[in-house]
């Protein structure tokens, strides 16, 4: 089985020219096949504000009304995605920018309204990787923006961590998949106030314990849920690290273990 | 040789939900393989205005400073392109949205500054259709936004008529290519004041005569130059029509003949 690495990077890294260039150099240097999944929230918030569209967040999730959907479609699929693709081409790495609508890659359903109406936010329903694999196997690097479609003509704003995990799971039938979540910390911390207190190996049991005690909280919980889901679905390796971790042969940061 | 139809549609048609839906229905009904190349100028002007970015046009061409480049990248590659792709998916037509940067499809050079500095505007340099053909041959419909890249990490704003013609020419080595320019008139007119005075067949000789006499002027001239270039490069059929023409088996409007 061929090896493929799915790297998810948060918005901040890809939204600053210097850090983007450094990230892409490290990303391109990774051996084997690869996919980049990116965010872009900071740019979306900035452009929304310039357009007079109010940004509303609940628990770190963007409430996506119709105007906000237009903004994130422009920013994620246009500005951020094509900037990355052009930069990769400049490094000699052939790439293609995609959303979940392209190639019918990821179809989602608009999140049902319960206590909160998240608006045009997609919960992943199905992943179809046939054409994606043809491109990957020709050494084309997919660069995936955090948007899906509902099959009825609408784009949907979708969590980038979930998109990376969904792609990793679908590809696990065909490849030995590594999933890497790059974020601002060195890994999952056993002490939120000590940036060096990285948990080297996080079992599912330990995760649940840390979640109960409050050591692991907020945005880390859905990220880790996505990560453990990927391991259950047959993804070979999931780790959580900062962008420096891309240089270390993916052995830095926190490695997830389904025990 | 398999037949493929490259349809270029102007911004207005794809920027209004009703006309877009009607266009896509007709486009999907066209027999055989196909590609859609779109504009998006009206949305770009509107979003630019909302962002406080001034729109400057010279002879119908957009002066593209850095801020304008960001706007057109967002609007063409994001908003307009993904809206079309999601709508095609809803019609059961698998499609992929691309710019010239994706798959290294169309590389361009920043237009040299002569009397006018057009800014980040690209003149097409090379077209590379290997991966594009793989997708086309799997019945994926490429939807192409009018942007290229310079191979140095920059996106460039590029005329959509030229992009359609460049793709048609590159594909002519491998397919029997039809190139259709859809715009607001029924065809090229022998009398600019009579919308029914369509020239059914326009030879290159007649084009030059009408250009000298002023019957054919302004934006039609580069469009026709692109069309005649395509015929010279081996494109089987070029015609200029309105969106109604897509229903007529591509036999309405003005047919170009290289005589």
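Positions of Cβ are set from backbone N, Cα and C atoms, glycine also.
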Substrate site partner of B:40, B:41, B:62 (as recorded in TrEMBL), chosen from B:154, B:157, B:159: B:157
Average pLDDT across the domain 'Aspartate/glutamate/uridylate kinase' (B:4-242), rounded to a whole number: 95
Distance [Cα-Cα, Å, rounded] between residue B:8 (site 'Transition state stabilizer') and residue B:62 (substrate binding site): 19
Three-state secondary structure, which DSSP defines for residue B:40 (substrate binding site): coil
Candidates B:8, B:62, B:223: member of the recorded positions with the richest Cβ shell (10 Å): B:8
Secondary structure at residue B:8 (site 'Transition state stabilizer'), reduced by DSSP to three states: strand
Pairwise CA distance, residue B:157 (substrate binding site) versus residue B:223 (site 'Transition state stabilizer'), rounded so that it is a whole Å: 17
Neighbour count (Cβ, 10 Å) for residue B:41 (substrate binding site): 21
Cβ neighbours of residue B:157 (substrate binding site) where a neighbour is any other Cβ within 10 Å: 25
